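Colleague: What TrEMBL shows for this protein is this:
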| type | residues | note |
| --- | --- | --- |
| DOMAIN | 13-434 | domain 'K+ potassium transporter integral membrane' |
| TRANSMEM | 71-94 | transmembrane segment |
| TRANSMEM | 114-132 | transmembrane segment |
| TRANSMEM | 144-165 | transmembrane segment |
| TRANSMEM | 217-237 | transmembrane segment |
| TRANSMEM | 257-277 | transmembrane segment |
| TRANSMEM | 314-332 | transmembrane segment |
| TRANSMEM | 338-360 | transmembrane segment |
| TRANSMEM | 367-384 | transmembrane segment |
| TRANSMEM | 396-415 | transmembrane segment |
| DOMAIN | 444-609 | domain 'K+ potassium transporter C-terminal' |
Amino acid sequence: MSHVESILVTSPGGTFALYSLLRQHVNFKGNMPVPLTRLASDVNLKFHSKKKSRKSWLQKFLENSQRAQTVLTFIVLIGTCMLIGDGALTPAISVLSAVQGIQSRSARITQENVVLLSAVILVLLFLVQRFGTSKVSFSFSPIMLVWFASISGIGVYNIVTYYPPVLKAVSPHYIYYYFAKNKKLGWEQLGAVILCITGAEAMFADMGHFNKSSIQVAFSTVVFPSLILAYSGQTAYLIKNPGAMSTAFYSSIPGPLFWPMFVIATLAAIVASQSLISASFSIIRQSIALGCFPRTTVKHTSDKYEGQVYCPEINYFLMLVCVLITVGFQGGPEIGRAFGVAVIWVMLLTTMLMTVIMVVIWEVNHALVAGFLVLYLAIEGMYMSSLMNKVTQGGWVPFAITAFFLTITLSWTYGRKKKSEYEERNTVNEEEFAGIVARSARVPGICFFCTDLMNGVPPIVRHYAEHTRCLRQLLLFVTFRTLPVRSVLPSERFLVVREPAGVYRCIVQYGYMDRHDIVGDDFVRSAIDTLKEVADSAEEAKMMDLAPADGVSYVLGRTVLNMDKTHHWFKRIVINELYRFLQKNFRSNVSTLKIDHAKTLQVGMTYEISDKSSS
């Protein structure tokens, strides 16, 4: 866990942090599900990981094998979608587990009452997300400190009162005795044991609220010792009271402390739920930035911490799923199985990515890497094999959530890929573009023509010029580029080159944790300052300075893809139905970039994808 967190110092965000680090070292092919164009200047960025002097055998294999790159990318996407599913399961099981304690003190409270109260708490939790965590996060640490102090204190009390020798169970040799005695039953019970370590898979999923050192110190000195004492205390209590198995936590609490502990447990469950909800927002934001998820609303809830964001659409989707899970399973064992499946899959996929990083980037001795992989695969494989036996008993839920988000992700990335391929095949050549410029009237001002192409003139420029017959005096082709790094410094933001026919190309670079907006005049001023560096004369530089005063406009394409019957029916459904639906119902790039509508012109064009060889 500490090794993973060391990566997240410069790349917060769970599986995407690991993947982004790999993308900085491994030259992935351009036709990947998550395409990222590389430039030679990338290695000079402050937050770009520095390359090794020589390539490892695994790095060479990955760079030469598109299939291996595809498998690695799918592992990342599946892990990311699983973690989002975790964001729906964690609140449900955490709040339910806390609220169920009421039943151990009153027989009149039914399971239906518990489910209803849990659903109300969950709805309120999701409704307050729009206010951000910055206003209440000051209370998280005190709540968790009181929680861990309470469970460890009660654990010590139960150990001393019921069975002091229980602490012998920390010795690893009892693992052998456990399986030797219980055999198949012991293996089946691993599906429940996994719930003791849930939360570890998401400790590094959202680094927007706490840094690496605080998490490591808190886990080593507070969390881990407290959990050992708490579970040992419950075990000691159960040795003397085996009939309280289903309510071990609340039954082991001394009578006078029950209601205070009930309140503390409920608050701790809310904080735990908040961590996964915030992690889901952070992951969606990074997915959007890397171009593998449709644009949704992303609101920054803190001026101090860049990583604290809120996504309304994702929030209400998670709320709906969370309430459905709570009501549907009625607090039964199925929800625990579903939670366990999501947790172990995230852990297993993280182990796979860590193994690749150890070989490709850290150049760890192969024997140590093999030992790491064998040990963790053996542990996680045993847990997974036990849980996969419970897929039909609730374990299918995380797979359903993952399939839903994976369908959106793959449909979106495939549509973007076909759009990019069409534009690259139909770029306006230099001679034709010179003719377009010559035939067009030039009017004062500056125009930012936004395009995904980093080279060549997109076909929509031809479409625009044919209908308007005029171009601004200062014309820039602007590409907004997201790099697989956490952030790009303002001084590294713009790359400008001169193009033929008196126009310029400007590449605007962001990290996946940077805000993607061009609000106000700062963007225009920064672009002009960078443009002046390539000006041929003082007169040209003066023209650039004066251009914004004569008017600023932004031209964006609003393209519709249409795939004809020469392509396979499944691909037609993905493009003509799924991608088009996502494009229509999610936010446009105008909203995402927060461009002034009074300065924006959207040009509509249909891309007819009919070349069968391009599929």
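Cβ atoms here come from the backbone N, Cα and C positions, even for glycine.
How buried are these features, and what lies next to them?
Modeller: Taking Cβ pairs closer than 8 Å, the transmembrane segment (257-277) reaches residues 86-87, 90-91, 94-95, 97-99, 101-102, 105, 121-122, 125-126, 129, 133, 140, 143-144, 146-147, 150, 154, 199, 202, 205-206, 209, 249-250, 315, 318 in its own chain, all 6 or more past its ends.
Panel annotation: around the transmembrane segment (338-360), residues 3-4, 7, 14-15, 18-19, 21-22, 25-26, 56, 58-59, 62, 72, 75-76, 78-79, 82-83, 85-86, 89-90, 93, 191-192, 194-195, 197-198, 200-202, 325, 329, 366, 368-369, 372-373, 376-377, 380-381, 383-384, 387-388, 390-391, 394-399 of the same chain, lying at least six beyond its termini, place a Cβ under 8 Å from a Cβ of the stretch.
Proximity of distant same-chain residues to the transmembrane segment (367-384), defined by a Cβ-Cβ separation under 8 Å and at least 6 residues beyond the stretch ends, is recorded for 187, 190-191, 193-194, 340, 344-345, 347-348, 351, 354-355, 358-359.
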Colleague: Sequence-remote contacts (6 or more beyond its ends) of the transmembrane segment (396-415), Cβ cut-off under 8 Å?
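Modeller: For the transmembrane segment (396-415), the sequence-distant neighbours (Cβ-Cβ under 8 Å, at least 6 residues beyond its ends) are 33-34, 77-78, 80-82, 84-86, 88-89, 287, 291-294, 321, 325, 334, 338-339, 341-342, 345, 561, 574-575, 578-580, 582-583.
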